[in-house]
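Q: Reproduced below are the annotations present in TrEMBL:
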type	residues	note
BINDING	Glu34, Glu63	Mg(2+) binding site
BINDING	Glu63, Ala64	substrate binding site
DOMAIN	6-158	domain 'Non-canonical purine NTP phosphatase/PRRC1'
Amino acid sequence: MRVAVGSKNPAKINAVKDAFIDYPYYEIVSIDAESGVSDQPMSDEETIKGAVNRAIQAAERAEADIGIGLEGGVQQTPYGLMLCNWGALAVKGMEPIIAGGARIPLPEEIARQLLKGAELGPVMDEYAKKQNVRKNEGAVGIFTNGQINRSEMFTHVMKLLAGQYEYQRGQKEKTV
Ligand SMILES: O=P(O)(O)OP(=O)(O)OP(=O)(O)OC[C@H]1O[C@@H](n2cnc3c(O)ncnc32)[C@H](O)[C@@H]1O
Ligand SMILES: [Mg+2]
């Protein structure tokens, strides 16, 4: 089985590898895929769309059995601007499967910059005085004091995707 991840970001690729660690017969490849949404998605809906587009395109471009799209964004709520993350798993002939990641509110000073049109990646680097936060611990890692990094958060999303896929396949086999 070939699994294509629609990103070159190591935080995302490692999350997919971790989720499939007990399944050595899954070959994981990474390939650039377009999200088709803005670089900084501003809602759950836009973030999901980005994840689904990436998953479908990754499978097509890499000629893989399964395409995975992982996308980060933010969603406005009465409790502040929330960090949101979504994943999608695409298999030809099946509705894409989606799953959401853990969410935390962003501090006011970060939220303000995003609402003015800035992207979270560079804003986080400036805030943390680090380089490539998005490829390492991520905003979630910084604001949880390292308890959950971006890759761990996406590993959880991946397990939610793979588990739903297995469940749906099991249901289908029962009906045949
Ligand atoms: O190369 P790709 O796969 O595009 O990876 P990315 O890091 O740009 O990730 P996304 O496109 O999924 O994320 C959308 C935007 O949010 C930023 N972002 C999302 N989550 C983040 C996090 O935890 N830490 C820092 N930046 C984050 C990211 O840099 C983008 O500007
Ligand atoms: Mg991006």
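Placed from the backbone N, Cα and C atoms, the Cβ positions cover glycine too.
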Q: Would you count the other CB atoms within 10 A of the CB of Ala64 (substrate binding site), including those on all shown protein chains?
A: 22
Q: Is it possible to get the count of other C-beta atoms within 10 angstroms of the C-beta of Glu63 (Mg(2+) binding site)?
A: 10
Q: For Glu34 (Mg(2+) binding site), list the number of other Cβ atoms lying within 10 Å of its Cβ atom.
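A: Glu34 (Mg(2+) binding site) is surrounded by 12 other Cβ atoms within 10 Å.
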Q: Quick one: pull the CA-CA distance for Glu34 (Mg(2+) binding site) versus Ala64 (substrate binding site), whole Å only.
A: 16
